[in-house]
Amino acid sequence: MPSGLKRELGLFSTSAIAIGAMVGSGIFILPGVAYMQVEGPAVVAAFLIAGLLVLPAALSASEMATAMPEDGGSYVYVERGMGPLLGTIAGIGNWFMLSFKGALALVGGVPYLIFVAPGVAEYIIPIAIGLALLFTIINIVSTKSAGGFQFAIVGIMILVMGWFVVSGAPDIVPERTAGAFSVGSGGFLAATALVFISYAGVIKIAAVAEEVKDPGKTIPRAMIGSLVFTTLLYVLIVYVAIGLVDIPAAIEAGELNVDGEGPIMALAADATLGPVGVAAVVLAALLALASTANAGLLSASRFPFAMARDNLAPSQFETVSDRFNTPVLSVAVSGGIIILLVAFFPIDQVAKFGSAFQIIVFMLVNLALIGFREGTVEGYDPEFVAPLYPWVQLFGMASGLVVLTQVGTVPLLGAVGVTSVAVIYYVLYASKRVDREGAARGAIRQNIGEAATDRTRSLFEDDGEYDVLVALTDQTSDQTKRGMLRVATDTGRLRTTDVSVVEFLDIPHQIFAEQHATVIEKDEPEWLQTADGSLPKWYPDRQVNQETDGGQTAPLSERNGERQSANTKIRYREIDSEDHKDAIVDFATYEGIDLLLIERRTADFYDQLFGGETQWILDNAPCDVVLVEDRGFTGADEIAVVANRGAFDPLKILLADAIAEETGAELNLLHALPADAPESQRETIKAYHNELISLCTVPARSTVIETDDRIKGLTRFVGEADLLVTGVDRSGISGQLFGRPANRLVDSVSCTSLMVQTHDGAKRRGILRRLLMDYLFS
């Protein structure tokens with residue numbers, strides 16, 4: 001979409017933005033602090049390792065920037081790859097982090113300014129505010145001016161620091177640099193975490209990608225080149241500085257604070273370059289800190305601009321000036337934030353919070369690239385491809401986690417606070433204005449759907465014998481008994497089935513009772529007969545090797561209750577025990593049952609806080625379980641199959657297909673989505689349904705409904721069905737307090753219902769999985 005922004009930034013200006021955003025507080029303020037953190041010269045290695053840990057994010061950002069050269073940088077990549085929620089977190093976090101860093105840079109030159117002009121200390125805040133206002137005006141007028149100004153600052157700084165390195169190297173005291181590259185020093189990881197923020201500007205090139213000439217080549221060259229150059233510059237400067245300055249002695253003399261903070265580069269210049277060199281280094285320090293503020297403002301202002309274009313921020317931030325071709329409001333607000341921070345807030349602490357959040361953003365950038373690579377994103381065709389995918393990205397995320405644990409409690413809590421604010425903002429404002437999702441979410445949903453389709457296909461193709469237990473009690477009505485047996489025998493339409501119909505009877509407790517229940521073989525029971533004394537039409541034929549046609553009848557068997565057809569064998573038993581629920585689970589365990597059918601008892605789900613006997617059986621059964629809510633099932637023209645969370649359990653499809661095969665019914669695969677669900681989610685679910693339909697042996701159709709009240713919406717579409725097949729969900733206290741959606745659905749319809757719980761699914765029914773399935777499919 002054309003934005004009105006000019007593509008004016010070339011390789012040098014673009015590189016200058018990154019170098020200027022990195023080289024500032026990192027090299028002029030942090031070396032002394034990091035030296036004290038690591039307690040020695042290994043601060044040099046800390047700067048080197050930190051640069052290497054940033055490389056994965058730089059490679060990932062380079063690839064995504066060449067595919068999407070849009071203003072917003074890491075926000076755009078995270079938003080497109082991971083979705084608008086995480087994109088909002090990255091956008092707001094980057095916006096404020098860069099503002100914090102820019103404000104810190106403006107007042108961070110205080111030690112250097114005081115070093116040469118002690119009398120101006122009381123005017124530092126007004127001077128910093130004036131500089132913030134100046135940089136705001138420069139960025140409003142033109143990004144070309146901003147880029148050119150940035151290039152001039154960086155050029156002067158590099159010349160001065162190059163002079164410092166070349167002239168100071170011969171005067172290095174070797175004892176002071178011994179162990180400079182030792183990574184085993186105490187506090188090394190903490191020092192690495194501290195200097196990590198020094199490289200935060202590396203991916204800020206992408207924040208102005210829409211204004212870069214030939215972005216496919218310029219962006220990766222500028223990003224990787226500036227990172228390599230800055231890392232080498234840091235290592236050389238810090239190595240020379242600690243070799244020239246006796247830091248413990250400088251602290252004792254009061255030239256540096258006890259934590260190592262102070263004008264360490266000016267002290268190093270004074271030891272080797274003389275007054276002219278000191279003046280030059282102080283000038284370079286002030287220019288570098290100014291460049292950090294300028295680059296921070298330039299990049300920060302593009303985040304609200306990009307968010308507004310995606311409806312995540314008010315549309316006024318997207319407005320581009322006809323006169324200057326810059327997003328004036330975004331620049332002005334960002335500059336205003338920096339001025340307020342300089343004037344009223346403890347900038348140093350806020351900047352440390354930003355460093356922790358920057359690590360999180362780098363991790364999200366690596367994750368976003370995985371989302372794009374694994375997702376099916378139309379139009380994603382980068383000119384630059386990050387090498388060694390996905391190992392580089394996985395390394396970047398893992399190392400980020402390690403560094404994050406070392407950044408400190410307060411900064412980590414600050415990052416959590418910024419994240420929480422971003423989430424609240426998204427929920428209250430932005431979520432109502434967007435209907436899209438990230439590539440990763442779509443890819444995960446697609447992969448889950450494909451895996452579920454493969455499991456369903458395997459279940460349909462499995463021709464092994466299936467052992468089914470129909471567990472009856474003295475509370476089960478004759479009608480429900482017949483309905484449960486019919487469901488069990490219908491599974492024989494697709495595979496060989498051995499059905500055990502067992503009535504579990506409770507007997508009084510006996511002091512000297514036997515240790516096991518009594519099992520009695522029975523004949524075909526009387527409750528099976530119809531009014532004229534014949535067997536139901538759906539009952540399997542007596543003759544072995546002859547399949548039922550749905551209309552054969554026969555008198556009661558006289559062969560010890562054993563009934564056979566080509567696919568189904570039925571046995572009747574009676575078991576006396578002191579606790580029928582224990583006996584049901586024990587029988588299923590010892591007999592190697594594959595599927596257990598029990599009657600659904602509503603009171604067990606609603607009347608007891610911790611669940612009744614039905615819940616106990618669901619929690620302890622060694623096999624798949626089906627709860628049968630019989631409401632006079634006599635046949636079906638339509639069977640509704642409802643997905644609870646995520647993909648359909650394959651057993652749901654198998655049972656529904658088998659019953660439909662016997663009754664001549666049509667399947668209706670139902671899935672409920674919110675009214676504002678993204679189109680990609682609808683398309684993925686419809687494609688998944690089509691795959692399932694191709695596996696079924698009966699006619700089937702797909703129905704994806706859009707509703708803000710899932711239960712009411714599903715109830716309306718299930719209303720015409722003769723049988724509902726759904727799942728079992730949300731056990732425990734949460735289900736009792738907030739209700740179980742599947743139970744509320746079953747109670748809302750008038751037809752017979754089957755609630756399916758797979759044995760593997762019961763193991764996976766944790767809160768994290770429920771949240772993930774709701775996020776992906778609902």
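Please read every residue number as a count from 1 along the shown chain.
Cβ atoms are placed via backbone N, Cα and C, with glycine included.
Heads up, TrEMBL stuff is auto-annotated, nobody curated it.
As recorded in TrEMBL, the features of this protein are as follows:
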- 543-555: compositional bias 'Polar residues' (COMPBIAS)
- 17-414: domain 'Amino acid permease/ SLC12A' (DOMAIN)
- 547-628: domain 'UspA' (DOMAIN)
- 535-567: region 'Disordered' (REGION)
- 12-36: transmembrane segment (TRANSMEM)
- 42-59: transmembrane segment (TRANSMEM)
- 123-141: transmembrane segment (TRANSMEM)
- 148-166: transmembrane segment (TRANSMEM)
- 178-202: transmembrane segment (TRANSMEM)
- 223-244: transmembrane segment (TRANSMEM)
- 264-289: transmembrane segment (TRANSMEM)
- 328-347: transmembrane segment (TRANSMEM)
- 353-372: transmembrane segment (TRANSMEM)
- 384-404: transmembrane segment (TRANSMEM)
- 410-428: transmembrane segment (TRANSMEM)
Checklist entry - Considering only Cβ pairs under 8 Å, which range in 123-141, 223-244, 264-289 makes the most contacts with the transmembrane segment (328-347)? => result 123-141
Item to check | Segment-segment contact (the transmembrane segment (353-372); the transmembrane segment (384-404)) at 3 or more Cβ pairs under 8 Å | outcome: yes
Next on the checklist: Can the transmembrane segment (178-202) be said to touch the transmembrane segment (223-244) if we require at least 3 CB pairs below 8 Å and skip pairs under 6 apart in sequence?
Outcome noted: yes
Next on the checklist: Considering only Cβ pairs within less than 8 angstroms, which of the stretches 42-59, 123-141, 384-404 has the most against the transmembrane segment (223-244)?
Outcome noted: 42-59
Next on the checklist: Does the structure show the transmembrane segment (42-59) and the transmembrane segment (384-404) touching, where I'm treating 3 or more Cβ pairs under 8 angstroms (sequence separation 6 or more) as a contact?
Outcome noted: yes
